[in-house]
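Annotation source TrEMBL lists S-adenosyl-L-methionine binding site at Arg50, Gly75, Asp148, Leu149, Glu175.
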Amino acid sequence: RFAVSVGYWKDPYIQYFVRQAKERKAPEINRGKLASEDSANVFLTGYYARVHGVSYLIKAFLKKTECNCQIVNLGAGMDTLFWRLKDENLLPRKYFEVDFPMIVARKIHNIKSKPPLSKPIMESHSGDSLLIDSHSLDSSRYSIVGADLRFSSDLEEKLKKHDLDIHLPTLLVAECVLVYMTPQQSANLLKWAASTFPVAMFINYEQVNMTDRFGQIMIENLQRRQCNLAGVEVCRSLDSQRERLLLNGWETARAIDMMKVYSFLPQADVKRIEGLEFLDEKELFEQLMQHYCICWASKDSSNL
């Protein structure tokens, strides 16, 4: 929300889900590597790379399928991608979001009470009356499902109730989600996705290179906030991230760290955002970016 308000990228919808913080919170990777609020632009630039990197892959999939596909956003939280895709005339045949029922209830409450969110859903809806209650929303183009990703049979049943079509090319997106599950639980989810959809792509954004000193400090930081990364052992390296996808039924898999992603982004826009706030912690920025990655895998029975 703060990054959008400063101008890192445009998102006219995030304001309806997240209140503007009165002040920026200080980053907290300690031991001399990061301390002050002055370093917050390191994180904001990292978020910029994440948003643009994931968006690039999503749009490539939509264009390749000519939007004749579906997207399943796993652990979607307050994500606004549905509305942004609609504005760009890039909506898939159906867009699904999944998160814990408590998160879903909060999101649905915001949608119901804010016309700039509810109106685009009504505009894209066709057919019978739109279903909306406190824990689920189902329209012809957009569904929000309350489910626990650790139980894929329950997840599949709920998605099918909302008209999931396993024969459509399907893009599954998980941003900092799998790392909160045990390796076995995330393996089950990846296996379920690979075995369910004949044509599919999986995008995963999360930590990598977590066995070095910088990675250990990141883990300790999160533990101090009672945040346990149950799946961090799979985040050892780019190879371990790639192998996890291949071992669970995906045909091809690639993984690159966020420093590499940042170097691929349109340089004119990179110059623009680097001019928004002075990025004085270049070494820290590189370290942080080398500890996150984007991985993507595919299964492609129809040679898309």
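Cβ from N, Cα, C; glycine included.
Keep in mind that TrEMBL annotations are predicted by a computer and have not been checked by a curator.
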Among the S-adenosyl-L-methionine-binding set Arg50, Gly75, Asp148, Leu149, Glu175, as the record gives it, the longest Cα-Cα distance in Å: 24
Candidate with sparsest Cβ neighbourhood (10 Å radius) among Asp148, Glu175, the listed binding-site residues: Asp148
Fewest Cβ neighbours within 10 Å, where candidates are the binding-site residues Arg50, Leu149: Arg50
